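Notes to accompany the following structure.
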Amino acid sequence: MTDDSKDTDLSEDNGFPTDYEIAQNADMTPIWDLLEPWDLGNDDLSYYGEYTAKLSHDAVDHLREEAKTRENNLILVTGMTPTPMGEGKTVTTVGLGQTLNHLDEEAMIAIREPSLGPVFGVKGGAAGGGYSQVLPMEEINLHFTGDLHALTSAHNLIAAMLDAKLSQSDEFDVDVNDISWPRALDMNDRALRETVIGLGGESGGVPREDGFLLTAASELMAVLCLSSDLEDLKMRVSRIIVGYENDGEPITVDDIDATGPVTMLLRDAIEPNVVQTIEGTPAFVHGGPFANIAHGTNSLIADKAAFGMGDYLVTEAGFGSDLGAEKFMNIVCRLGDMTPDAITLVASVRALKYHGLDMWPADIDEINGAGVDALEAGFVNLDKHVTNLQKFGIPVVVAVNRFPNDTDVEVNAVLNHCRNDLNVKAASSTVFAEGSEGGVELAERVIGAVESSDPEDFEYLYPADATIKEKIETVATEIYGAGSVNYSTDAEDDIERMRELGFDTVPVCLSKTFHSLTDDARQKGAPTGWTLNVRKLYPSAGAGFIVALTGDVLTMPGLPADPAAADMDIDADGDITGLF
């Protein structure tokens, strides 16, 4: 499951144009003209239509050099625990970037690219919305530049080469019950979560249990997004662990001779994609790891390129601060040698009411009908996210993403609570409805936060040489609010294996539900004293971290009874409806 199910929604019912109508009426600039001020020409760009391009490896190297002459102010956008409808994190990211440019600051935007699974599932297409969206929306949400297809092919090539070794070679004494590399598909399909393969007799391979995960959940996605260049990508691919021999020795991608062909398939996919916002701000849309399974941010290579084009980079981390932001700080910043200068925490009146009503599942009508008492009861969740972020030593600005049903009394209650009780900067944001005009106060607060920031104040939550359990327990108690951690027997065995393999000095990536600060999606607010249950651990050796599975997170979602796909169509002229 991915992030915000649908960012801010102002429908035609109240006279506001739909995202689709806004996108269709946008005055877009050809991508070659958009990028001309940075001396990026035909030799630097691979074009995918009139409004999308990939930057060549040489162009990225050039921009890395240019970045040394710029300020490199990094702004991370995250959020409180969202409702299933989403609170407008991407809208705020896009709107803030546009507004900084509106204020004559040179700003770039970097976000993740959508996965087809969620697009056709509960989310529908989205890359922002209203007057703070990234274009061309249809292309971005469908095949885009083919990155997800390349990743799917590369992932399944590894699986095929592993099974070929298993059935046609005695090179490895493979433990068929300890193969850790399933197949991948960029589509939500619950029937493929658990499969049995090799049932075609002697010529059909070795019978064994297998399964599928969503392409965005593949370790290859995390590897792509954490690689600095093609050479680094190849090295990371080579060390991915795909299974184990009966004596416990790991089998890597390099062991099955797949490093070269897999990297070959990803040669173009590692090149960052550049598009534009509705106001003409360049936007990198590249990579899409989930924040509840992997680290949840766009590619490092896109970030590094963006630093060469502007003094500000606005990027987002998936879900709430407990997931994407924590991993951005402890994994991405550590591996990418970056330090945020300010954090924008997106909150909304409806999310606060959602937590104040202690509601599961969400009932939007009941949320909208609730009063200020429910809003104030939900402050506990916002407070926890602010506290979480302050642990890293970075200035925090709360953005109250305003929806049409929000009253002045409600919005002011949130702003006053932030300013007076939490002592943090806060501003109302209407960038969905007004574009950059609706984000001026927020942008000014963020600029002030950047100017007051001191990189020396930044600190990781835990040292790299802490034990695996110490890292897990630090995140659980400091970020989630847990009182203790319980490890299953399998998890204990996995930890011992991680130690033996030498993975006890890498960051941990906790896989947890995004619906709650706890590992139970039903729990709202900010519970304390509860027990986090860790059921399994495995190494993402290529990415460079350990994944600890908690609760019941799925790597292959299923379509709902009424999927977004059912409302999509295309006419004889090729015009699409219902995508977003």
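Cβ coordinates come from backbone N, Cα and C, glycine included.
There are 23 other Cβ atoms within 10 Å of the Cβ belonging to T83 (ATP binding site). According to Swiss-Prot, the feature ATP binding site maps to T83, P84, M85, G86, E87, G88, K89, T90, an assignment based on sequence analysis.
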Fewest Cβ neighbours within 10 Å, where candidates are the binding-site residues P84, M85, E87, T90 = P84
With H, G and I counted as helix, E and B as strand and the rest as coil, say where DSSP puts T90 (ATP binding site).
-> helix
Would you please pick out, from the binding-site residues G86, G88, the one with the fewest other Cβ atoms within 10 Å of its Cβ?
-> G86
For K89 (ATP binding site), the number of neighbouring Cβ atoms whose distance to its own Cβ is within 10 Å equals 30
